[in-house]
Amino acid sequence: MKNVVIVDCIRTPMGRSKNGVFRHTRAEDLSAHLMKGLLERNPNVDPNQIEDIYWGCVQQTLEQGFNIARNASLLAGLPKSIAATTVNRLCGSSMQALHDASRAIMVGDADICIIGGVEHMGHVPMNHGVDFHSGLSKNVAKASGMMGLTAEMLGKMHGISREQQDAFAFASHQKAHRATIEGHFDSEILPMEGHDENGALTLVKHDEVIRPETTLEGLAALRPAFDPANGTVTAGSSSALSDGASAMLIMSEEKANELGLTIRAKIRSMAVSGCDPAIMGYGPVPATKKALKRAGLSIDDIDLFELNEAFAAQSLPCIKDLGLFDVMEEKINLNGGAIALGHPLGCSGSRIATTLINNMERTGAKLGVATMCIGLGQGIATVFERP
């Protein structure tokens, strides 16, 4: 089988979903901006050679409906010969898009693909139109459809305290703010027009969601958001609602060498896994272990990790059971995570992979893992290797 490589990876700035910079920008525009941007940044790639676009999106309705992948590619003015499909594995949608496209390249069904994902949670809320079948209650706890309560359950099972959660959330904002100030996001963010608080058109260059003013005292004062009587999970220790998109240009190693392109990373292995929906946030643990086994690697072989921070109460048990608690500061989410940057559902998989690859380049890391939990009890993971 062919080796699959990433030659470029970018994202939009992350905008707040409530009255944020992208409140007048549609999801198709966020997506099209990155599709065009990838081709503009890589003039050696003939767009007519691109086989397919795989685009993650969870709420596929309203402006995100009717195959947003195809709508965005047409909006971007890409050749009409490029096919496009929209992928949904809930929170792992754009990482699943990466996996699907990679498999197509591995078996020779494509040479070049664009992958990515988008979610405009300000325009299409995550619970829009959700209608669970009542029969699910025979096999799954009702609370399994309430992500915050699953985080509460997982945190309690693993003895994660409110103080630990607040400290984790505080660190996420501090790391993300420091990364912004020091320019560590500059190589992955493709600036995009949005609107400031006065409604004026502005070029958005940085993430809007990060709250550098966050303090431990402020976090401690927040009330539990999901279990008012006995809970520990607050809005401050949960991933922020945000709007954004991310994208990658991937191809076979042979094609990259033929075109004289710099290979930024190679796919070593991929995995998905299921777990009890009541503790959906635990999914990264079995998925990561499975991906590492397929790559012939151990957890100690990995230099850097990007773990999507759905909730602090969810992230910390995963870090503990992967044996990474003692190296958390050195190896995990060096630039913060979704608690600070937000979690635009369909965007996040390729967003964390993009951030991981940029951090691997910056630090000289050889091996990295991007992994995330998925609503209703799944996990997904990808092992990357730099040349």
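One-based numbering along the chain as shown.
The backbone N, Cα and C atoms fix where each Cβ goes, glycine too.
Given the structure is predicted, the values throughout are model-derived calculations rather than measurements.
If you draw a 10 Å sphere around the CB of C91 (active site, acyl-thioester intermediate), it holds 33 other CB atoms from the protein chains shown. Residues or ranges marked as active site, acyl-thioester intermediate in Swiss-Prot (evidence: sequence analysis): C91.
DSSP assigns H343 (active site, proton acceptor) to coil in the three-state reduction, placing it in neither a helix nor a strand. Taken from Swiss-Prot, the feature active site, proton acceptor applies to H343 (among others), supported by sequence analysis.
For C373 (active site, proton acceptor), the number of other Cβ atoms no farther than 10 Å from its own Cβ, over all displayed protein chains, is 32. Taken from Swiss-Prot, the feature active site, proton acceptor applies to C373 (among others), supported by sequence analysis.
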What is the total of other Cβ atoms whose distance to the Cβ of H343 (active site, proton acceptor) is within 10 Å?
28
DSSP state at C91 (active site, acyl-thioester intermediate), helix/strand/coil:
strand
